[in-house]
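Notes for the one structure printed next.
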């Protein structure tokens with residue numbers, strides 16, 4: 001930890017990920033779009049002053065504002081640029097040497113009554129080396145001139161952002177005869193002089209001229225691709241321009257994936273209250289623990305000195321009270337939330353951008369596959385989609401999704417399409433599991449609903465408070481929560497049709513199918529009526545849950561992307577349970593699911609469908625077109641997988657305990673990754689151990705998995721306390737929960753008002 005000035009890192013250090021992606025040391029760089037650049041630089045004046053290398057940087061910078069700009073005009077003269085729509089003015093001023101002329105120009109800005117440039121980018125040296133044939137006298141004069149300019153730049157730095165660009169190395173073998181005197185040795189001498197003089201000038205001043213030295217590092221890797229050995233290739237110039245944009249704009253626009261130069265966000269009112277709550281829980285637990293220990297010491301058996309026997313105390317050691325368990329859980333949760341905050345809100349740990357390579361995705365996939373197969377055990381029961389099998393399914397899918405996120409594989413369309421199927425499979429299991437429970441048990445009580453809602457939402461609600469994020473940010477939890485309520489309402493409304501009732505009369509099966517058809521019709525209508533969907537979820541207080549960036553479009557997009565798959569899961573559960581009841585299926589240990597001939601035919605069709613979908617997904621060219629087809633066709637690969645996994649008797653009779661273990665904490669893994677495995681709200685990677693990528697992943701993964709497992713246990717413990725079985729007590733708890741969320745809405749409104 002070297003302080004939180006990530007601007008210093010951005011301007012001075014970094015490395016290339018692959019060929020073109022620049023990774024600053026310790027922080028993440030945002031890739032600015034034209035609209036973002038205009039929004040940041042509105043009503044701003046930027047001046048580039050220097051030689052042909054500064055001119056190149058000037059062109060790369062204005063192309064971030066307007067990509068249509070062409071590099072034309074007088075190369076050895078001033079070049080103006082103006083974007084009237086955003087009132088942005090960018091000037092290039094031709095001063096190839098650090099001399100009296102440059103000093104006079106800079107001095108005019110310090111003395112002018114009119115507004116000074118908001119950003120000044122200056123630098124020059126190669127012309128001095130060339131004109132004076134690399135003489136030592138020229139270097140001495142350069143030192144004198146820059147010494148006279150330094151106080152003026154320092155004065156400008158009080159009101160403007162001033163950057164001095166160090167000279168990039170050259171590729172000496174490609175230099176023309178007229179430039180052979182420009183050597184890297186000379187350039188280093190000029191750079192050293194500039195850094196020493198600028199640093200000594202601003203040592204005793206608050207205003208500081210920022211030295212733009214990162215360009216040297218970029219040039220060292222790319223100068224051999226130069227066309228003349230002197231000027232940088234276009235990709236390197238674009239990187240330098242993007243760094244300049246990040247230095248100035250990150251603190252203004254605060255992009256999530258641009259952690260460089262962003263100050264630590266101040267604590268909100270709700271965050272402060274959460275901190276007080278966890279502190280009080282910790283103090284309360286300590287007090288209760290001390291009281292219990294004191295009582296234990298008083299009641300401890302004492303030895304009778306006469307006969308050497310222990311005297312038993314009259315009072316036995318007290319059991320752990322509900323209050324103690326509650327406070328203990330909140331203490332652990334408070335420590336974990338502190339770790340969350342330090343990882344992804346405080347500028348304590350480093351963050352880096354993701355960079356996708358095929359090996360970074362597929363090698364870990366192969367590794368976990370081998371581990372999963374190694375830990376194979378027999379299942380307790382051999383029914384289709386038994387508990388061990390669904391846990392295994394959730395586990396390996398979750399591990400694949402985690403690898404997908406940390407490797408940045410979303411940029412590779414075939415992988416993206418297959419991951420979309422895995423997310424759909426989670427929702428398919430939601431439909432299958434909850435339908436099966438309500439259909440078989442017929443339990444539509446409030447206790448069941450509250451238990452499910454608590455287990456799904458507890459961690460996310462805590463994170464919304466501690467990490468200051470909206471509920472919709474953790475999109476998967478709102479998705480499964482809403483679908484659970486849809487399943488519940490569909491089956492609970494009159495007439496309540498359950499298996500026990502339907503067995504007595506086949507008519508009830510048609511009644512249930514009619515309910516499912518009505519549900520499908522509603523889904524179809526909402527998916528093609530964005531306006532109606534947005535009106536439903538824009539009503540207060542629903543809007544507070546489902547809005548992201550001021551609207552519910554993101555929620556509509558997420559819901560629409562997998563709109564049919566929960567219905568498919570419900571329909572599959574209904575058909576499977578009906579076939580099971582009529583003993584059509586053979587679910588004995590080692591037996592194929594159907595007769596040998598039917599099993600072989602279905603297995604062949606399933607494998608063919610599975611591979612066909614993979615071929616189609618791998619041949620996708622346009623993400624939006626493939627997303628349009630995905631809701632209708634994703635069920636093909638899901639059903640194919642279920643049949644391949646369950647038709648052969650031996651395959652159905654075993655499961656991977658390795659994958660099943662992760663499956664039991666899959667929800668916690670999915671949510672926790674946002675802040676303590678990834679960083680910057682999933683846009684980057686958390687770096688606990690810089691310089692050792694593999695060791696960093698191993699350590700951060702170990703902590704991440706342990707935390708997810710601990711949170712799963714805390715959630716289960718609290719669910720037993722917060723959601724009691726007896727209805728009168730449960731009703732009181734629900735009133736308390738309603739009061740809690742009402743207070744949360746009130747504090748949120750106060751918080752929003754203070755921000756605006």
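Numbers here mean position along the shown chain, with the first residue as 1.
Here the Cβ of each residue, glycine as well, is placed from N, Cα and C on the backbone.
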Seminar exercise, completed: Per TrEMBL, the transmembrane segment among 507-528, 529-550 spans residues 507-528
Exercise. Is the transmembrane segment (473-495) in contact with the transmembrane segment (423-440), using three or more Cβ pairs under 8 angstroms as the rule and ignoring pairs under 6 apart in sequence?
Worked result: yes
Seminar exercise, completed: Averaged over the domain 'NXPE C-terminal' (22-92), the pLDDT of the predicted model comes to 93
Exercise. For the transmembrane segment (561-579) against the transmembrane segment (599-617), do we get 3 or more Cβ-Cβ pairs below 8 Å once near-sequence pairs (under 6 apart) are dropped?
Worked result: no
Exercise. Where among 355-375, 395-416, 659-680, 731-750 do we find the most Cβ pairs under 8 Å to the transmembrane segment (446-466)?
Worked result: 659-680
For this session: Summarise the domain 'NXPE C-terminal' (22-92) by DSSP state, stating how many residues are helix, strand and coil.
Result: 22 helix, 19 strand, 30 coil
Problem set entry | Contact check, the transmembrane segment (473-495) vs the transmembrane segment (659-680), 3+ Cβ pairs under 8 Å, seq sep 6+ | yes
Seminar exercise, completed: Sequence-distant contacts of the transmembrane segment (659-680), meaning Cβ under 8 Å and at least 6 residues beyond its ends, amount to 28, 256-257, 259, 339-340, 343-344, 349, 351-352, 372, 375, 388, 390-399, 401-402, 405-406, 455-456, 459-460, 463, 467, 474, 476-477, 686-687, 700-701, 703-705, 707-709, 711-712, 715
Problem set entry | Chain residues in Cβ proximity to the transmembrane segment (395-416) (below 8 Å; excluding those fewer than six residues from its ends, i.e. six or more beyond) | 354-358, 360-361, 364-365, 368-369, 372, 422-423, 425-426, 617-621, 623, 626, 656, 658-664, 666, 669-670, 673, 677-678, 682, 685, 697
Seminar exercise, completed: When counting C-beta pairs under 8 angstroms to the transmembrane segment (269-291), the leading stretch of 507-528, 599-617, 731-750 is 731-750
